[in-house]
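Chemist: After the structure tokens below, expect a handful of questions from me.
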Amino acid sequence: MQDQRNLLVFSGNANKPLAKSICRELGVRPGKAMVSRFSDGEVQVEIEENVRRQEVFVIQPTCAPSAENLMELLVLIDALKRASAASVTAVVPYFGYSRQDRRMRSSRVPITAKVAAKMFTAVNADRVLTVDLHADQIQGFFDIPVDNVYASPLLLADIWRAYGTDNLIVVSPDVGGVVRARAVAKRLDDADLAIIDKRRPRANVATVMNIIGDVEGKTCVLVDDIVDTAGTLCAAAAALKAQGALKVAAYCTHPVLSGPAVSNIGNSQLDELVVTDTIPLSDAARGCSKIRQLSVAELLAETIRRIAFGESVSSLYVD
């Protein structure tokens, strides 16, 4: 094994189980840091070991509460840079605010993904490592290198194991996800593809209008990057079952699962929702029999190792 004495891994409070799993995969101990709050709620950080001239990775998804977790991450990076770390890579398994990546028509709204990206430059982060950005072009908002790795190998392996490819059809829950769904279908022996044509009357409410493709008697696999309130997936499952689908499973990288998501899933015609641990599950989500979680720890650990030792990251995805 290569010398890992100069590789340190720290984490905030957002997803400590994932951070510990990554450390275990790397064969390193978690870095020692105190991350807490002052009496007024401000983030308090102190690095409790020497990081001078070390290659440091900070693991922290910016999931809910997004503002608090983002601030924790930024303050941790600042503390490490001021402690003379050779480099600091922000490992952000789920990059919050990524869905606000453009202005719709003439709306007077911010491009929050750009605002968040600029914050990493402000604290002198050297690199960002993330999983399944909502839109690949968000990488262009950063002035530092960004490695956007994909959970698709993990999800594909599970689809092969759980459902095989016979009588399988991959379904995009909306027109915007067709490229992602097509890529998954291609890796599943070039499986058939269906598309859900939906209309969204207001935020977090989706109405299924039409299914493009023949799903009768087939096992449908919905693929998406984020599952939030699960309204889209649940409505899609109902529409697919109404068209004669035999079984409907959904594979989503990031389990945001806000608001009524867990009850929506439990009461839906969705047979199974498979997610990763980029975001920790709530107690309610863990208790839902329809939700199953896979771990990205091995994927992120291998990516971290390659970054630390100057190896190719893109070759992880070459057949």
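Going from the start of the chain as shown, residues are counted 1 onward.
Each residue, glycine too, has its Cβ placed from N, Cα and C.
Just lifted these from TrEMBL, have a look:
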ACT_SITE  Lys198  active site
BINDING   Asp40, Gly41, Glu42, Arg99, Gln100  ATP binding site
BINDING   His134, Asp174  Mg(2+) binding site
BINDING   Arg200, Asp224, Asp228, Thr229, Ala230, Gly231, Thr232  D-ribose 5-phosphate binding site
DOMAIN    8-122  domain 'Ribose-phosphate pyrophosphokinase N-terminal'
Chemist: Could you check what DSSP calls Gly231 (D-ribose 5-phosphate binding site) once collapsed to helix, strand or coil?
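Modeler: For Gly231 (D-ribose 5-phosphate binding site) - judged by DSSP and reduced to three states - the answer is helix.
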Chemist: Kindly state the mean pLDDT of the domain 'Ribose-phosphate pyrophosphokinase N-terminal' (8-122) in the predicted structure.
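Modeler: Its mean pLDDT is 96.
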Chemist: For Glu42 (ATP binding site) and Asp228 (D-ribose 5-phosphate binding site), determine the Cα separation and express it in whole Å.
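Modeler: Checking the Cα atoms of Glu42 (ATP binding site) and Asp228 (D-ribose 5-phosphate binding site) gives a distance of 28 Å.
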Chemist: Given Asp224 (D-ribose 5-phosphate binding site) and Asp174 (Mg(2+) binding site), what distance in Å do their CA atoms have, once rounded to a whole number?
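Modeler: About 9 Å separate the Cα atoms of these two residues.
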Chemist: With DSSP as the reference, give the number of residues of the domain 'Ribose-phosphate pyrophosphokinase N-terminal' (8-122) in helix, strand and coil.
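Modeler: Helix, strand and coil residues of the domain 'Ribose-phosphate pyrophosphokinase N-terminal' (8-122) number 39 helix, 26 strand, 50 coil.
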Chemist: Can you tell which of the recorded positions His134, Lys198, Thr229, Ala230, Thr232 lies nearest to Asp40 (ATP binding site) in space, using Cα positions?
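Modeler: It is Thr229, whose Cα lies nearest.
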Chemist: Would you identify which of the binding-site residues Gly41, Gly231 has the most other C-beta atoms lying within 10 angstroms of its C-beta?
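Modeler: When each Cβ's neighbours within 10 Å are tallied, Gly231 leads.
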Chemist: Can you count the other CB atoms that lie within 10 A of the CB of Thr232 (D-ribose 5-phosphate binding site)?
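Modeler: I count 25 other Cβ atoms within 10 Å of it.
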